[in-house]
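Taken verbatim from TrEMBL:
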- His53, Ser71, Tyr142, Val143, Asn144, Ser159, His226, Pro227, Glu228, Thr243: iminosuccinate binding site (BINDING)
- Cys116, Cys201, Cys286: [4Fe-4S] cluster binding site (BINDING)
Amino acid sequence: MKPAWRDELLTEYAGLADKLERLLPCLEVPMHLPWIDAIQALKRERGAVVMAHSYQSPEIFHGVADVTGDSLALAQAAADCDAGVVVLCGVHFMAETAKILAPHVKVLIPDALAGCSLADSITAADVRMLRARHPGAPVVTYVNTSADVKAESDACCTSANAVQVVEAMGADKVIFLPDRYLGAHVASQTDVQLVLWDGRCEVHETFTAAQARHARERFDARLVAHPECPPEVLAEADFVGSTSAMGAWLEREQPERVALITECSMADNLRLRFPATEFIKPCNLCPHMKRITLPNIHACLRDLVPEVTVPEDVAIRARRALERMLAVGRGERI
Ligand code: 13P
Ligand code: SF4
């Protein structure tokens, strides 16, 4: 049942309402406040931490999240987490990653069907087949994969550290899975030979070079693209980077106008940090990320389901691959 409206919500959440009104249609904000208030109360009651990926809608990202960031930041936060309950507002592989890195924590995902086309593109049997075909080549797997696939891998990476992890393997040839476009981008930045798979992100693969050029020519915007976009789109971009690298680039460049060629919520969530920059939105929505809503976060905290679990034998092997990625980030040899 929807939590009731109270007039005091507007004063209790004045700062948040002001932020959200700059990002959402203003009539939507009073609809969100009762849910936000009820979720905050349940969080306290359950001792829960809410983690949200940068592709979550502003009412989630700004309204209820305790930790926000890209998939690397969420993995690091999960590894350091001492809460009893984590609600992962993102897609299923992110919740699995949290569970693998924090096995003592109850990890919940508000909609268990929030998947990912990249994670669906490859199975553990595919990884074993590639190993047999390329004996001795280590396997580096993007975190956008199932726990079963991570368990077959030597190390994981995210789009923020892919080149670093590939080079840390110390091999001339690396099997890099499963995103073909991210793989091609990494290959352009290293001497290591990469064996690629044909996985694609259904959100980023649909961007075209013509759209990117239009954003630049029509709006005089600088272009920033996620490495999951096709190579001809990346060729148009002023900067290519993961969601966290996009924020760092904006910090450095402070452009007057920018087009973020990625999921739509990314620009919404960065806009408050960069009030002097105008964000053009040649963006696509990720249907999986958008399955997460305030009502299902509320239901998940109330009922403590759906819980994400990973069989222990799989978790042990997948954790080794994830921990090697985190070790590279700390500058350790792996
Ligand atoms: P990041 O690794 O940049 O957070 O991206 C995750 C993702 O799902 C991109 O589509
Ligand atoms: Fe997967 Fe693409 Fe959605 Fe990211 S944006 S979760 S890679 S489908």
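Placement of Cβ uses the backbone N, Cα and C atoms for every residue, glycine included.
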Shortest C-alpha distance to Cys116 ([4Fe-4S] cluster binding site) - which of the binding-site residues His53, Tyr142, Asn144, His226: Asn144
Cα distance (Å, whole number) from Cys201 ([4Fe-4S] cluster binding site) to Asn144 (iminosuccinate binding site): 10
Listed binding-site residues with Cβ under 6 Å from ligand 2, out of His53, Cys201, His226: Cys201
Residue among binding-site residues His53, Tyr142, His226, Glu228 with Cα closest to the Cα of Cys201 ([4Fe-4S] cluster binding site): Glu228
Where the C-beta lies under 6 angstroms from ligand 1, the matching binding-site residues among Tyr142, Cys201, Cys286: Cys201
Residues that sit under 8 angstroms from Glu228 (iminosuccinate binding site) by C-beta distance, when 6+ apart in the chain: Leu118, Ser159, Asp179, Tyr181, Leu182, Arg200, Cys201, Val203, His204, Glu205
Spatial neighbours of His53 (iminosuccinate binding site) that are distant in sequence (at least 6 apart) but have CB under 8 A: Thr68, Gly69, Asp70, Ser71, Leu74, Cys89, Gly90, Val91, Met94, Thr243, Met289
DSSP state at Cys116 ([4Fe-4S] cluster binding site), helix/strand/coil: coil
